[in-house]
Structure formats: structure tokens, C-alpha cells
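What follows is a set of notes on a single structure, which appears directly below.
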Amino acid sequence: MRQRQLFSVFLLLLAFVSFQKLCYCDDQTVLYESFDEPFDGRWIVSKNSDYEGVWKHAKSEGHEDYGLLVSEKARKYGIVKELDEPLNLKEGTVVLQYEVRFQEGLECGGAYLKYLRPQEAGWTPQGFDSESPYSIMFGPDKCGGTNKVHFILKHKNPKSGEYVEHHLKFPPSVPYDKLSHVYTAILKPDNEVRILVDGEEKKKANLLSGEDFEPALIPAKTIPDPEDKKPEDWDERAKIPDPNAVKPEDWDEDAPMEIEDEEAEKPEGWLDDEPEEVDDPEATKPEDWDDEEDGMWEAPKIDNPKCEAAPGCGEWKRPMKRNPAYKGKWSSPLIDNPAYKGIWKPRDIPNPDYFELDRPDYEPIAAIGIEIWTMQDGILFDNILIAKDEKVAETYRQTTWKPKFDVEKEKQKAEEEAAGSADGLKSYQKVVFDLLNKVADLSFLSAYKSKITELIEKAEQQPNLTIGVLVAIVVVFFSLFLKLIFGGKKAAAPVEKKKPEVAESSKSGDEAEKKEETAAPRKRQPRRDN
């Protein structure tokens, strides 16, 4: 009885802890989209004519899990979901996370999200396009030389009032495979931003650091004076020609770089009177050739056959060699410039656009938009999350992404091992077939050559017969071995030594040998490697 009571208490505690954790996750979760249900009504497709791509509610390949699918190649796509209320990014930690899978790979296309700021009055989700202003853009992008996980903060300059895109420097690369990957951006109150790929930190940066973002959120305190000009007498030459240097008297600037080799002699047998090319004697004028329309017909040229055996034809000329007296154009040696003042640059003045920030002046997030152009289909978005706690994002990664990724990884590993085994088998078969082709040409196997050749050809057409062919060849060898061993021990039959019979026997043997040679199959051409 007491054990039942303890067990009941344990279940109640477990249920309470689970409920508390669930409540905590719900409290810290701003938005979570699993796409378990069709997205119609929650996500609004842009009606802009540029966005012809069709979004579909589809399963991830190999899973029962649904996502938002890019279904067509070479299209622009636009879709948006509004938050129930704008999220203030200035208060505490904010985590942006989502999964994306390139089921057909990714050669050229984007798969990033735009976290839209509140739009102007009159804006509707149906009008979403590339001009719809955002606060943050985050996610993978790959095309040509571009291969990065974007993190772009669009920040309002407090001096000019203009919005400026600040790009994360040296962002992580996009994983190059067809597996599900989860991308996470964590914004901390201390201005730190961390980028995670599959839960692993790939980049840490400070939003206010000029070393981490381009351009920097906080401008430089000083700038070059735009009105400052270089003085006319400012000399930037570190070296100058020596004004006291004199050209040596024996310096010949006109001497050529190369001269004829006077020691060279014409090779013996050189055919001076033979041209290198002659008319093709076998060429004939085409029957439809019209001299008036096509011009005078001339036979095509071929290499002079007489020159093939000779060291050369035509006029012989001495080869050229480097001129030992060549020195080129003389110039004065360089010396340090006594008037050198260094490279001029304008003086620095206080930057009139300088301002200071303790924290970025984030714009609230009012909606999530996907606005991409891609050459690939099969891009699947899933489990889009906005949370206020890193642990919540980690929980979602472990429960939604990790199980799928593990299954996909195991499948990929099995496919790679199978492909490796297939390549190994092909190499093995090539070695076997090359060896069997050589075996088939052995003279003492001439009686069996046709059978061996037939077996090899069948095996080449059906590589899975390789083992069977090897067994068959072994049987042939074994049979031949037995015949040689046991057949050689039989007593020779008595033959009367009669010259006519011997001659007749010899003659018939020669004829039989000739017939056998005639009947033997033609030597098989070596197999071409595939």
C-alpha cells in the first residue's frame, strides 16, 4: 500500500515538473510555427506579380514531419506571417531559430528569413515584397562566390534618420548537403550576438564593434578632411635616380638581345631546294568546282615526304643565341630621396556624423517574411521559433530537429558506404576481367579459348556474374589439370612403323591442325575500360 502511495506521489511530482516546464516554455516562446497543419490563413502569400513560386505544405523526405516547401525551380517566392503583437528587441535576450533543408541541394539560392519591422499605414501582407522594411535578416545564402549565413541588422542612424544595413563580417558557411539544419541567432542584452548552426556556435560578435560589422554601427570619431589638399611641393618619392651617375663609355644601348650563332653549321643532308610542303598528288579538283565562281583551284598542301628522312628542308639559317654584349637601355641607379616626405594624406577632423550608443536602437519585429529567389526546388522550412531564452531554443532543437537529423545522417552514411562498396566492386571486376583476358590468350588453352571468351563477355555484360565466372574458369583449369595428369599415364597404343602410314598420318595430322587453327576463334580485342 505504501509503495502505491509513493508511486502516486512520484507521478504527481513528475506531472507538476513537466507542467511547469511547459508553462515556462510557453511563457518564453513568442512565436512557434511547426507547420504540422496547413499554413493557409496563418501565412499570407504575396500577390506581387514578381513572386510566381508556389508554396506547398509537404512532408520532409523520409519523415512524417511537415514543412513549408519551395516547390518550383528558378522562381521568386514571397510569404509572410504577422505576429500577434510586435516584439521589442531592446528588452532581454531574443532568440531567432528555424530549420531548413535543401532536399535537392543548393547551387544558387537563398533560404533566409526577414524579421519585418512595423510597416507603414495601409500595408498588407499581400503586398509583401523586397522593399518591405525589415529589422533583421538571418539565414543561409549560396550562389557563385557567395556562401554565408547572413546576419544583417537594419539600423536607423540617429543623426541622419536613414536606415543602414550592417552586415556581420566573416559569417559562417552554409552546410553543403541535403540534411536538415537548424540556424540560431542569439541577441544578448550586452550587445553580443551568437550564430549557431545545428546547436554549435559558429560565430560570436559584438553589435557595436567595427571589427565585427560592416559598416560599423558607431561611426568613427574622426574623418579625413575633405577640403584638405596636398601641397604642391610635397614629394612622395622614396627613391630617385642618382643625378650624379654617368653612363659607362662601353655601354652599348644599341646592341641586340640576340645574334646569329656563327659557330653553327648546316647539318649534313639538308635539302635546300626542297620545300617543306608540297601539293597533295592524290588530290583532285572537285567535279562541281567552277573556276569563274570559286577561283582557280589549288591542290591542298601536305608535308614534303622527302623532308621526313632529312634533317630539314628549305633555306637553312643559322640559329640565334643570346648576345653576350647585350646590356639594354642604361638608367641611373636609384638613391634615397633627400626631399622625401612620405605618403600624403589629409588631416583628420571631428566627424560631424559621429554618435555614441550603449545599445543598438532595434526596431521591433512585427512579422516574419520569406522573400527569396532560388534556382533549386525542394527547400523546406520548418519549426520557426522566436523565444526569449536560449534553453527554450535548445529544447526545441533537441525535440524537433535532432531526431530527424540523426535519421538523415545514418541514411547518408549507409548510402556513402554502399557507393564506396560499389566503386570497390567495379575496381575488383576490372582487375579480374583484365586478368581473364590475358589467361584466355595463353597458347595451351587454345582448345578452351572460345568457352573462356564467352564466359568473360557474359560477365562483362552482367557484372554480378563475376564470381560465377571465376568459378567456371577454375573448373576449366581443374579439368585441364586432371586431363594432363591422368591422361598422360595411359599406355601408348602399339603402332606399326610403316612409312606410308606414317606419312599419311602426318599428313592427316597437319590437315587436322590446320582445320583446328581455322576453326579457332579470332583473337578477342582487348576490352575497353569504361
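Here the Cβ of each residue, glycine as well, is placed from N, Cα and C on the backbone.
Looking up S160, S508 in Swiss-Prot shows the phosphoserine annotation sitting on S508.
Swiss-Prot lists Y112, K114, Y134, D141 as alpha-D-glucoside-binding residues, and of the candidates E315, E356, E371 the one it assigns to that same site is E371. For the Ca(2+) site, Swiss-Prot records D65, D382, and the single candidate of S34, S331, S332 listed with them is S34. For S34 (Ca(2+) binding site), applying a Cβ distance below 8 Å and a minimum sequence separation of six or more within one chain yields Y66, D382, N383, T400. The CA atom of K114 (alpha-D-glucoside binding site) is located 24 Å away from the CA atom of D65 (Ca(2+) binding site).
Across the range of the compositional bias 'Basic and acidic residues' (224-240), the DSSP-based residue counts are 0 helix, 3 strand, 14 coil. The binding-site residues considered are D141, D382; of these, D141 has the fewest other C-beta atoms within 10 angstroms of its C-beta. Counting only the Cα atoms, the space from E371 (alpha-D-glucoside binding site) to D65 (Ca(2+) binding site) is about 23 angstrom.
Under the DSSP three-state reduction, Y112 (alpha-D-glucoside binding site) is assigned to coil, being neither helix nor strand. Looking only at other Cβ atoms within 10 Å, the busiest spot among the binding-site residues Y112, Y134 turns out to be Y134.
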